[in-house]
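Here the structure is laid out as structure tokens; the discussion comes afterwards.
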Amino acid sequence: MKKSIRFFIVSILLSPFASAQVKDFVIEPPIKNNLHIYKTFGVFGGKEYSANSMYLVTKKGVVLFDVPWEKIQYQSLMDTIKKRHNLPVVAVFATHSHDDRAGDLSFFNNKGIKTYATAKTNEFLKKDGKATSTEIIKTGKPYRIGGEEFVVDFLGEGHTADNVVVWFPKYNVLDGGCLVKSNSATDLGYIKEANVEQWPKTINKLKAKYSKATLIIPGHDEWKGGGHVEHTLELLNKK
């Protein structure tokens, strides 16, 4: 009887931790040949949200664009990628400094994997006492790795002062990161570090510069379908 009571008490004490656990990452079917979206999950304000991140398979290895929201999933994602593609992760590019993007770069730094972030992102990471990247992103410059190409671009402030997007010219796909809201979003989400005055101007720059994009991936929630950029402007106009 005492054993049963003790088990009951322990179960009650542990229940908040169980409820705080989030779902494991999900790798979506490839959207374009070697280009993949993977979704991770995190809790903000007591509600679970999904984050859309990407990876590119090259002949030299896999390039991650942002990291899982939960650090506990870093190794598992790398193992899954290695098993699925028979290639290691060779580089990580962070689109801004938050946990669902840059996360803890020390994990990758310690494994000898090159990590990339802008000088501004590194400034924020350092200010928060977090590891900075081993390499500085040169925005607007094409990166060519193992037969694949992409460009990391800074168009202006929006969700944060350091948010960048990633353009894949071979596939006409733009990773909008948290600068772009999903067509299913009901609000702008976390805006304590946002520049809501500059954000619409930045989005209009994105529309003009990447008008050839056939797919634009928002940072969170549903990524399929279109209208993400237009919906972002609608949400900003309500602010």
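Along the chain as shown, residues are numbered 1 onward.
Cβ coordinates come from backbone N, Cα and C, glycine included.
Listed by Swiss-Prot as binding Zn(2+) 1 are HIS96, HIS98; the candidate from HIS159, HIS220, HIS228 that the record includes in that site is HIS159. Taking the Cα atom of each, LYS181 (beta-lactam binding site) and HIS220 (Zn(2+) 2 binding site) are about 7 angstrom apart. Ranking the binding-site residues HIS96, HIS98, HIS159 by the distance of their Cα atoms from the Cα of CYS178 (Zn(2+) 2 binding site) places HIS159 first. For the recorded site, HIS220 (Zn(2+) 2 binding site), the DSSP three-state label reads strand.
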